[in-house]
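Straight from TrEMBL, the features:
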BINDING   C107, C112, C118  [4Fe-4S] cluster 1 binding site
BINDING   C133, C137, C140  [4Fe-4S] cluster 2 binding site
DOMAIN    119-337  domain 'Radical SAM core'
Amino acid sequence: MSCLRFASRRAASTLSVQRSEAPYRRRLEELRKQLASDGTEIDDFVREKDGSSVFESVDVVGGRTDAYSEPQKPSWLKVRPPGDHESQKEYTRLRETVRKKKLATVCEEARCPNIGECWGGGTATIMIMGDTCTRGCRFCNIKTSKAPEQLDPQEPVHAAEAVTSWGLKYVVITSVDRDDYEDGGSAHIAKTVKEMKSRQSDLLIEVLAPDFRGSLKDVEQVAGCGLDVYAHNLETVERLQGAVRDYRAGYKQSLKTLEAAKSHAPHVVTKTSLMLGVGESHEEIRQTMRDLRNCGVEVVTFGQYLRPSKRHLKVEQWVPPHEFEMWKQEGEQMGFR
């Protein structure tokens, strides 16, 4: 978490305090106008003379490119637009079905840059429980509200009809957080999985589930509903949790969620994902991987964090392909699949 540190000193008189306030007020107004006009964030001003950020990690991560000195995405991160694919027909088919069934996809809502490749390959992540989240993580582009629209009781059926009509072998179901429901939407998720399995028994289903505010009863309801992969994203290392995720999320709470899912349904594969490039160190990543293995997590994926807009968390470093290969090798040595 970044903070501004203001030095203050006692004024010799009320008059001197009043005189000194004027420049600060003018500067504050200037900053407000700049923030409003160009989307600059407050941490733009919290930088050292050499341009380094207060978000920098505790050690230097070798091989990475500083995203402040090189703001443009590296060549290895460039993706083709949705229409520039051999399987444009498949992309269009999925998009039309999503519109017809009035479904939301995290691919669209989160403005994922890989939507063309995934949809073009016949893979989509269905987002259920609406398109508005009750939480506001600094990296996420999904809409937020304290009181989203009520859950659609027909959504499990519509989602199942859409997915099974695509003829897929594997589908990912994710959701927004619904802290406005006592069970966090666990019953709704479980019903969606059961509807899909009843229509296509050989369909492999991965559910990217919320933390349900740490309610193990709700975790177990989803873990035991017939899914094949229980996923819950830890997102980042322990030190950066407060700067990256909503205050209601937490490192230990997420680990406990994954551990409970595996304990309740040992046959289910447990999975998580980590974003890289937000200021973490190599040793912090390794410790996170050890913590995950100690909780029985079998699959971990890594991805470069990409900023959805200027109002979101900034990218600190561009992570090169060879580092991802390094984590793949270390993960396999630790026992990850």
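Using the three backbone atoms N, Cα and C, a Cβ is placed for every residue, glycine included.
Note that TrEMBL annotation is computational and uncurated.
What you see is a predicted model, and the numbers here were worked out from it, not measured in a lab.
Within 8 Å of the centroid defined by the CB atoms of C133, C137, C140, the record's [4Fe-4S] cluster 2 site, lie the Cβ atoms of R135, G136, F139, N141, I142, T144, V176, D177, D246, excluding the listed residues themselves. For C137 ([4Fe-4S] cluster 2 binding site), applying a Cβ distance below 8 Å and a minimum sequence separation of six or more within one chain yields E235, V244, R245, D246, A249. Taken residue by residue with DSSP, C133 ([4Fe-4S] cluster 2 binding site) is part of a strand.
Within the same chain, residues at least 6 positions away in sequence whose Cβ sits under 8 Å from that of C133 ([4Fe-4S] cluster 2 binding site) are C140, I142, K143, T144, S145, P148, V176, D177.
In the structure as shown, the Cβ atom of C140 ([4Fe-4S] cluster 2 binding site) sits within 10 Å of 21 other Cβ atoms.
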